[in-house]
Amino acid sequence: FFFFFFTESVDYGPVFVQEPDDLIFPTDSEEKKVSLNCQARGNPTPTYRWLRNGTEIDIESDYRFSLIEGSLIINNPSEMKDSGQYQCLTTNMFGSILSREAVLQFAYLGNFSGRTRSAVSVREGQGVVLMCSPPLHSPEIIYSWVFNEFPSFVAEDSRRFISQETGNLYISKVQSSDVGSYICLVKNTVTNARVLSPPTPLTLRNDGVMGEYEPKIEVHFPYTVTAAKGTTVKMECFALGNPVPTISWRKVNGHNPSKARLRKSQAVLEIPNVQLEDSGMYECKAENSRGRNVFRGQLQVYTYPHWVDKLNDTQLDSGDQLRWECKATGKPRPTYRWLKNGVSLWPQSRIEMINGVLMIHSVNVSDAGMYQCLAENKYGTIYASAELKILASAPTFPLNQMKKTIIVTKGQEVVIECKPQASPKPTITWKKGDKVLRENKRITILPEGSLRILNASKSDEGRYLCQGVNVFGSAEIIASVSVKEPTRIELTPKKIELTVGESIVLSCRALHDSTLDVSFYWTLNGQPIDFEKEGGHFESIKAQASSADLMIRNILLMHAGRYGCRVQTAADTVSDETELLVRGPPGPPGVVIVEEITDTTATLSWSPGADNHSPISLYNLQARSPFSLGWQTVKTVPDLISGDMESAMAVELNPWVEYEFRVVATNKIGTGDPSAPSRVIRTNEAVPKTPPANVSGRSGRRHELVIAWEPVSEEFQSGEGFGYIVAFRPNGTRGWKEKMVTSSDASKFIYRDESVPPLTPFEVKVGVYNNKGDGPFSPIVVICSAEGEPTAAPVDVKAKSLSVSEILVAWKHIKESLGRPQGFEVGYWKDMQQEEAAEKVKTEGNESSILLTGLEGNTLYHLTVRAYNAAGYGPPSAAVHAATKKSPPSQAPGNIMWIQEGSHVSLGWEPVRPLANESDVMGYKVLFRQEGQSNSQVIETQKTSAVVLLPDVGVYIIEVCAVSEGGDGTASPQIRVPSFSGKVTLQWSLDNVST
């Protein structure tokens, strides 16, 4: 006799997470292993076993088998040993469950027999069947036929048909073009492997042509075709005959399904996603001029079993009755079997099984375990699992029911809980003190065992005992009941009206039993006030033991509502509420609707927002466009929109501009938040009213009148098709010449007339237009035609070489009345270059010379000068020539010797001899500076000696270099000379050596 003591636990029997699926393993796979997946959850963690064809696999005895978690791995699988049906059995302490069956198949394709195939000889016009005789294979294969040689495939048509059931090639009427060699090609649908049969020659007999004959159906679908619901059905029908027969299909006693399709010249009827209503008798008819032939067969559509009702885990007390029902649909109608812990369950004295219903009478511990209901028909089996737990225990009480003290107030209801956990259900008895409690109108023992006392009084105080008893034992709990005076509450003030920003104190006072402590809690609209999160607006003040205050500072609109004070004692809870009304600026008005739009007005309506307990006095209408800086107040009709109005007209808008509108409400407390913006709406088009500003002249080429203006902003264009009308006339004339400028962005117009002399004054005005019409012109201004580019070349152009890299260019300009220059451009190029390669340097203003720098030494340059202004360039001067100087000597003065006498230093050196391409020596420079300073003093001499006065005490740095037309030559190595009086020192310096 076993006792199971169940408490609330997370322990449970196994439940499948993943079950094995059917698997096709290609025999030529490189993987060389098969994995059948199985995974279950449960606590304790389940273990796994596997069955093949109903027999348990001994995984330990075959090295090819291994388990990874619950999955079965088969290494080097073979069809002989391993094909079949597999099931996973998973177990823990609560029982076992069996997975669905998974079929392991092997995919392969054998070779055709190598035996030579005999020739087939027929008469022309006769029908013929060429047999494929496929090799061994698994699973399905696809058939095709090759004519003479690969890859020339036989094309199927009304005369030729390849059956995917038999693999044979059917030719209803042979022609001379059919003579040749035929090869059957089969392809495995899983491995894609292909093999070719030996060729079958087809020849024509020479004993005449076959006459006409009626159709003979040579290949047809079975008498009974079975198909799973939702699959695609393909039924074949093909006949031999002369003339070539026509194939037609019909559903006997019904219409062909609308989704049905005829394939392969009507030889195949294909029904996709077949349903139960597609079942029935189908007929195929082959017909030619000689007669007809028909075949009929039955299409039966079946469905796999599918659950309608599954099982649920169940917990029963020992002795209860179990009733489980599982229900499934399917065609044929499923039958049911039951398993317990993976083993078939059979009817016994207490166990009944009828049509998917399992009943076990008077359950006991031996009935606990894992149960499975199997619904099956000839096409499949489905499994549903559930766990049965049997409870058998003596009464026990949870800790939260033990040794309670219950405090109530007079007149309240008292419920003392007594709900022992036990199986079977225990008998409950109650005592007050030592006496068994008897029920009456006030005192009732509830069905689950608890005690209820109505309208409690002092006489109900005392010690209560509850005892639960069943066949396995007993248990009891004790509770004490104390009855107190009820608590009363006063909350003041009762109704308050405040304005945003004001403050208030609410007072709450409790009248209660002196033996009880009280706690105060504040609520707003039924929710506890969070004093931490309310930003300092609320403060709870405990004034005395029996009262509390709520301070509300700087009140906001959101603080309006029902304020509650709840007083709580160990015996009761009482509460009271007061209403707080807060006046403030209006809320945002409702959505703004544009009722009517013109070119400059918009009629708007809105619904009023909350007035927040202060009537709305006026509304303000605001608009925003792509051209405004945010929201701007617009003019309205009426000028002032009173608070009782819900529509107004915005005026003085710009035509053809997109606007959004919003409304802001104001009352005597302040201005509220704006409404949401209206939808974007564009005002109507109108004739433009704004002419361009700042009409003026610009410089241009000779005979040109250049008119410029500031373009009109899109905000003021008033419609599509915006442009400008440029009107002009010579001073003193009557008629205006007008030109259209169609670009709205244009800012300039150039009028060219060869007959217009330079600087001719014109009266000019610029107007605007759009698709709606012409707008106004700007005020008339006087603009002169262009003076033109300079006409005279500079004269007396001279160029003088200043150094190895510099040439000074000078010129004079004849003053002209027209084409005044803004500056001059000097072009220069080397003697061996073309003038087109000239580099150019510009001057500005009236300068008459420029120093060209950065030139190559000892090089002849050609130079021209021309004037320019805004209209263009004048003619260039005649070219002049100048050569830059040779470069200075590269040799430095050598063998410097010096004698120092006091502050005088006498220097001497060897003369510098320049190379042939270097400038002649014109003299020498002696440079000297005090050490630490940057500026040198210079002494020039035409001799190879010099005397230097060193005025201050210190160390001096002295260098010597040659002077030439091309500039200063390379300096000598530095010499360092200390300066002090009275000493005579003789020194010399060799080339590149300093002392």
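Our numbering is plain: 1 for the first residue shown, then up by one each step along the chain.
Each residue, glycine too, has its Cβ placed from N, Cα and C.
In TrEMBL, annotation is done automatically, which means it is predicted and not curated.
Listed features, source TrEMBL:
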type: DOMAIN; residues: 20-105; note: domain 'Ig-like'
type: DOMAIN; residues: 122-197; note: domain 'Ig-like'
type: DOMAIN; residues: 215-295; note: domain 'Ig-like'
type: DOMAIN; residues: 305-389; note: domain 'Ig-like'
type: DOMAIN; residues: 395-482; note: domain 'Ig-like'
type: DOMAIN; residues: 486-575; note: domain 'Ig-like'
type: DOMAIN; residues: 588-686; note: domain 'Fibronectin type-III'
type: DOMAIN; residues: 691-788; note: domain 'Fibronectin type-III'
type: DOMAIN; residues: 793-887; note: domain 'Fibronectin type-III'
Composition by DSSP (helix, strand, coil) of residues within the domain 'Fibronectin type-III' (588-686): 0 helix, 42 strand, 57 coil
Rounded mean pLDDT for the residues that make up the domain 'Ig-like' (122-197): 94
Recorded stretch that, among 215-295, 305-389, 588-686, 691-788, 793-887, has the most CB pairs under 8 Å to the domain 'Ig-like' (122-197): 215-295
Residue distribution over DSSP helix, strand and coil in the domain 'Ig-like' (486-575): 3 helix, 50 strand, 37 coil
Tally of residues which DSSP labels helix, strand or coil - the domain 'Fibronectin type-III' (691-788): 3 helix, 50 strand, 45 coil
